[in-house]
Amino acid sequence: MKALVVEGGAMRGIFAAGVLDTFIKQDYYPFDFTVGVSAGASNLIGYLSKQHKRSYDVITTLATDSAFFNPKRFLKGGNLVDVKWLVSESQHQYPIDEQAFQQSPPMLAVATNVETGKADYYSVNRHNLSDVIEATSALPLVYKRTPCFSGGCYTDGGVADSIPVIEAYRRGARDITVVLSHPLSYEMPKTRHSWLLERLLAKHPKIAEAMKNRAENYNQSLQFIRNPPADAVIRVIAPREDFEVKRLTMNKTILDKGYQMGLEEGQAHLAIRKGQFGLNEENCHFCV
């Protein structure tokens, strides 16, 4: 089976938005299923509904709005980011094409269960879409609301499984395309000040534990990507080293550069997959 995995990373998701818009323009939908985390899940909504530039508009127009990102509100005890508003407003201003979404490859989204600290993987459909996208994007500490549905309460999926490539493999995928939000050279540093996490997340000790272990789990996923099992092919699309977008970048010029880089890397990937440069699927076992 073939799978597409899309990492999150808040505003860094602008890169994946560019990659997936290239896929949309080329009608590239070879996957048996897709898996997204946080902003990666939001980007997959636009891709699977075949709505070119939807993800770009959500990031550059809505995610930069003070109704979503508001440091002053946070200093007064409110949300730094209002994820529920972003999900609702995205649906209002850029409603998805439900028919196209339903006819596209199935989608899973990752959410971190606050009781277990483990990742839950939800199959996304038109009935649970808003709940799941809020849950997978519910950044701990800076988003005060804890989304609850289907018998569980959740925080950002990236806490437990930032790059769900191992889960895609576990579900049977042996040809996996991964869209990352950092350059390939990136390794997540170990969490500092574990005591502070424990204090801030005293009501959710399993989440504090998961956040302390996040770097180790993230880097294990990177090692899996770099050294896949013998029966798997992993194809990576990652930003170049000069990618400037950070988690909370709000500068439109920098975001546009990140989007353009995504378009270019998506085009380069498809050029290889479609046999240009003398390569084809059979001899392209690690495409970047």
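Glycine is no exception: its Cβ is also placed from the backbone N, Cα and C atoms.
All TrEMBL annotations are machine predictions without curation.
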Stated TrEMBL location of motif 'GXSXG', expressed as one of 36-40, 61-65, 121-125: 36-40
Which of S38, D156, all active-site residues, has a Cβ with the fewest other Cβ atoms inside 10 Å: D156
Cβ-Cβ under 8 Å with the motif 'GXSXG' (36-40): same-chain residues at least 6 beyond its ends: 5-13, 16, 59, 107-110, 136-137, 139, 156-158, 161-164, 179, 181
Reduced DSSP assignment, S38 (active site, nucleophile): coil
Integer Å distance between the CA atoms belonging to S38 (active site, nucleophile) and D156 (active site, proton acceptor): 6
